[in-house]
């Protein structure tokens, strides 16, 4: 009889537990499990929800991971993932043109062309300016060095009147000494330096000065072309006035002129000219130092 009463009490307890709400069994919280294995705890009082994911089965959403990032442990949204911030999405950036107005002076196609050409031109001009600036600095320093060497060696291409005066003075002293000693004056050799003899510079001096003058000329030519290129680049990126269509046409005309005159090829040849000038200068320097 006692066993029958115990079985009846256990059955009633199981029935009461099954009829008890989930929120009462969890201390005021309702536990639920989704199809993908995620356990969700929902607080009845404050309406706050807490989600605990199973590490083995939880799959991170790529979109949410791309749109948020942690800074010092704090999650914050990524501005690049927001809609409407893409600078290359011209359909959202510029309004749609009205019917039969797709080629109007301020149509979307012209403004899109301006944005794309501005990106292309800024990259091209920035790279060209950097190269030209470096060449200008090097050409200026190199020209100054070559000029210093030329200032010391070009004098060998003309008569040295100071040496001529010293030679004639020494010859005069020898004549006076011969007269005082009663020796014949004809025994004294005449000086090789006198105004009546044509001056012929040494072959080494001619080669050295010729090479160094040529090197200076190439260096200055490179600097001149570099200055012209900087002016071309400045006028190329100058913002024209008018409507979007007029500005697009002006930019296209400038770009066609750059292609016609091969400006990029000229910029690429400037370093070659500087290398040539440096090679010529070193050749003259070797000839200058060889007799020493």
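Numbering starts at 1 and runs along the chain as displayed.
Every residue gets a Cβ built from N, Cα and C, even glycine.
Of the given residue ranges 113-133, 134-154, 155-175, TrEMBL assigns the label transmembrane segment to 134-154. TrEMBL tags one of the stretches 211-229, 230-248 as transmembrane segment, and that stretch is 211-229. On the 0 to 100 pLDDT scale, the domain 'DUF6535' (110-290) averages 90 in the predicted structure.
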